[in-house]
Amino acid sequence: MPRRLLVTAALPYANGPIHIGHLVEYLQTDIWVRFQKLRGHRCLYICADDTHGTAIMIRARKEGRSELELIGEMSESHQRDFAGFGIEFDNYGSTHSDENRKICGEFWQALRNEDLVTERTVEQLFDPEAETFLADRFVRGTCPKCGRTDQAGDNCTCGHTYNPTDLIDPVSTLSGATPVLRESAHLFVELEKLHGFLNEWVAESGALQSETANYLKGHFLADELRDWDVSRPAPYFGFEIPDSPGNYWYVWFDAPIGYIASTQQWCDKHGEKLDDWWKSDECEVHHFIGKDITYFHTLFWPGMLKTAGYSLPTKVHIHGFLNVNGMKMSKRDGTLVKAETFLKHIDPAALRYFYASKLSSRVEDLDLSLTEFVDKVNSDLVGKVVNLASRVGKFAGQTGLSETYPDDGGLFEKAAAAGDAIADAYEQCEYAKAMRLIMELADAANPFVEHARPWEMKKDAERTDELRDVCTVALNLFRQLAVYLTPVLPSLAAACGELLDDPIVSWDQSQTPLVGRGVNKFKRMMDRVQLENLEKMIEESKAEAAADADVTDSPAPTFNDSDQPLKDEPLADEITIDDFMKVDLRVARVVAAEHVPEANKLLKLTLSLGGDETRQVFAGIKAAYEPEKLIGRLVVMVANLKPRKMRFGMSEGMVAASGPGGAEVFVLGVDEGAQPGQRVH
RNA sequence: GGGGCUGUAGCUCAGUUGGUCAGAGCUGGGAACUCAUAAUUCCUAGGUCGCGGGUUCAAGUCCUGCCAGCCCUACCA
């Protein structure tokens, strides 16, 4: 009896590229979906980009473009990355879609009708410069408890937790401005009214792993459920709440509804009814998510679904995080590898298999050890599975497959019988177990070829029938493995289908051997993974991280620069390189700086050109720089400027600076590593 | 501080309801073979199953105390 399944993976946020950590989930889900489809069930893999919220708004602003442009580009890059790893969605939507807006409205109305929405005034820090309210993570300041500076908005490294309003000297990370307290009206969902329902659902629906059910029971359900703040005041990139002008749905309100909206898009394209997928007892709904977003999917979301009359999740599959070499992924270590970067160096099939070999149904972090990755993929996939086909491929191309399946000592039959256990493991998301079972079969297959010695048969024309039989067995055992591995390795399945002119489309193909037909020319199916390539990948990631840091560390970069400076001071007449070379610019270190009492604008600087060479320079930067702060700095000076006698003494050069003057003066700096005395070319 | 999980051969892990359960793969060592991507096959690896108690005729397998690691969460179960 074919089942109907609607499967989702969490919606990736449109604020960054996909990395190998994300891929754990999308691959886990893709494998499950491919498995279900292979088993003959109707199954949809639904996903979308999560596009709303302050972070997107801010980023778009910084990059000087519209949110739509940003999320459009992100969606494209996400989908390209997913496709690169063989992740096949039935529909990939966006939370910023008409469908989503409409269904959000429907959910909202349902919440209103059930009297679950209440309004309250909230005091929140507001950035007067960026003109936006600040979530905790956009505020930093001094810890009120221990006095450490530059601490996060909600907690300090000393362990103390607080509200961002408690911070001493709070600063907005968006603009550097000092936030002010401002009131606004927020809308809340009174989740407590659904407490009874949630208690029951968590305990009895069977939708949650027991560890998760216990966690919820102990953490949230034990107390009164707090109201859930689902609105954000303008400006906010999202959907405005129809009955509350100036307020927008919080990104976590519309994100999960995006699952439904994306399904709606699929239905519209395929002439199906949404209700058959989301409001039918005949359809299972499975969510795959990471442990970090557990409560959104196990409390708020079921509450919303229940209220709006949609199906509750049949199962919420929660996975842990990815570590690399036993440690948290980090940009600095180059272990937070972007999907795109990975693809430049490594076959994605290798990652699919490795993750599969590590995943279980439990909420456990998994570790990607680079050496283990190489060993496992190479010995299991290349050494055992692919090798099975590779070693008889050439012969089989000439002999074809025997008319009847030969005696193989019960290997095929035994492996066929193992199919149920393997399928069960897939179904339970126990992929590691499935892979282990499959590799046991592969371990049994190679000795058959070894003992049959087909290479000897090849030399004897009279033994062609025997040779054909050996090839028939080896290729059928290989095909059986390929079928079992199809959810994990669609590329291998495709290669197998091509070799035998019989595409793998059904799990049942593992139960019957293929006989009495030709075999195509063998083509290499997979390359071994080289540790060097992984190392290159890590190095490249490090370099990317370093490049990113250069760009993002500078506060609030804006690229929509004004054209005023150029208008104020148009470009000078063209000169030749020789003209330029007449100006001798040198790197110099400020070794002394002091005020000149009688001067309004001047500082007296002593510049060192290295060694004993110093120059005394009067610079008109008094309004912009404190003398003490200049000492030690490297600057650029015009070193061959004719000395000029000033009222306060000789000035033996000029410090290069830009700006109209007054406080608006900016001394040219030099990157670290420059030496005083070096000429600027 | 609380809660959860884990602790089995160098590494990654299997070990159902307690009784050939002390295992597999990889690595290492030895040998064979050459069809295959220096792939494969055969032999070999002597780990007090974290430590101490307890229940039982019998315990990696149940109970308990301790130790270690990981995850979650923090004045709250």
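Placed from the backbone N, Cα and C atoms, the Cβ positions cover glycine too.
From the options A:12-22, A:122-132, A:375-385, the stretch TrEMBL describes as motif ''HIGH' region' is A:12-22. TrEMBL lists region 'Disordered' for one of the ranges A:205-230, A:387-412, A:543-568, A:595-620, namely A:543-568. Annotated pair A:K331 (ATP binding site) and A:C146 (Zn(2+) binding site), C-alpha to C-alpha distance, rounded: 29 Å.
The binding-site residues A:C143, A:C146 differ in how many other CB atoms lie within 10 Å of their CB, and the one with the most is A:C143. On the 0 to 100 pLDDT scale, the model's mean across the domain 'TRNA-binding' (A:579-681) is 77.
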